[in-house]
Amino acid sequence: MVVLGSTGSIGTNSLEIARKFNIEVEALACAENVKKLNAQIAEFHPKFVYIKDEKLKSKVAHNKIFSGENGICEMLNRCESKTVINALVGFAGLIPSLKIQNSGKILCLSNKESLVVGGKFLDTSKIRAIDSEHFGLKFLLENSAKPAKMIITASGGAFYKTPIKDLSSKKAADALKHPNWNMGAKITIDSATMANKLFEMLEAFWLYGCKNLDALIEPSSSVHALIEFIDGSTAAHLSRTDMKLAIAHAILPNLKSEILKPVDLLSLNLKFEKIDIKKYPIFELKDEVLSNPDLGVIINAANEIAVFAFLQGKCGFLDISSTIFKAVEKFNDLTPENAEDLIKIDKIVRNFARSELRL
């Protein structure tokens, strides 16, 4: 298999699954973590590697190295593996996702932005989603009656217990303290703003064709997804907070081995809550984005600029949501007709967001 984003959380867990099941790793790709990439090269002996920054090529312990803007697609052209894990972060994952599908390979997708931005240009019936919520929905849908409603859950993020009046003063270090999951910086901030849950609802729309979608806060992150059926019954999917389960099922669809220990039902203290729009204003866009999924590229571009500005201390926490709302208001009439349009719209919105944040 090929692992794009191999040094991140999903990539690292994917390689743990490869190690456990003796899966050959043909290629690895990362942005800049040379030390971790070299350790992975030493263990898995890939044929090809990619590093985003060309200046770092000399530090990579390999003789077949790709880099630069088109390097991942060039590397994929050389790869014979049928399975590719796309665990890249942000909009940068879109073109590789399109390339993977166009080449007939199996796309195991952790890069949610590919669906958020370009879901209508991907064959979602052939995507194996690496996400605890969407794996949960898939698990519940198998051998089940037609669903009436799908529900995914949110932990509430780092500021779940923080009073609304205190949010404006919160810094990146505060937002990065997720109560349940060990994730990368961007997705942890997205969890705190609830942008991550908005994205996951759009993912669920593209993956399963259901518009009757909702999300609830379940603070323990033990319940990942629920489905309400027409007959009035409800099914829930529970597992420990470990992405290796979703990854293993994406890589090995006929999996019959233990990946995680079962949830200790006797220790659970489950409760569900509505998502408070005053605390998580981004979630107010839920119905609008489900009725007009083309907004995904606008929301994602504004969010990426604002999140990375926040991480660098260049804007406040609440500026993330306000920047997104301004971008949606200004560009909601833009409709991408192809992948090239997505790239153009993404660039326009990013420039607008930078201007609004005075970056």
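Backbone N, Cα and C define each Cβ position, glycine as well.
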Check your understanding: Which candidate from Glu54, Glu200, Glu218 does Swiss-Prot annotate alongside Asp131, Glu133 at the Mn(2+) binding site?
Key -> Glu200
Revision key, fill the gap. For the NADPH site that Swiss-Prot gives as Thr7, Gly8, Ser9, Ile10, Ala31, Asn33, Asn111, Glu113, the extra residue out of Gly71, Gly156, Gly157, Gly184 is Gly184
Study note, to complete from the structure: Given the Mn(2+) site Asp131, Glu133, Glu200, its other Cβ neighbours within 8 Å of the Cβ centroid, in chain order, are Lys112, Ala129, Ser132, His134, Phe135, Gly136, Leu137, Ile152, Glu203, Ala204, His224, Ala225
Check your understanding: Far apart in sequence but close in space: which same-chain residues, 6 or more away, have a Cβ under 8 Å from Glu133 (1-deoxy-D-xylulose 5-phosphate binding site)?
Key -> Ile152, Thr153, Glu200, Ala204, His224, Ala225
Exercise for review: Measuring C-alpha to C-alpha, could you say which of the binding-site residues Thr7, Ser9, Ala31, Gly184 are within 10 Å of Lys112 (1-deoxy-D-xylulose 5-phosphate binding site)?
Suggested key: none
Practice item. Looking only at C-alpha atoms, tell me how far Ser9 (NADPH binding site) is from Asn196 (1-deoxy-D-xylulose 5-phosphate binding site), rounded to the nearest Å. Key: 16
Practice item. List the same-chain residues at least 6 positions away in sequence whose Cβ sits under 8 Å from the Cβ of Thr7 (NADPH binding site), in sequence order, or say none. Key: Cys30, Ala31, Asn33, Lys36, Leu37, Gln40
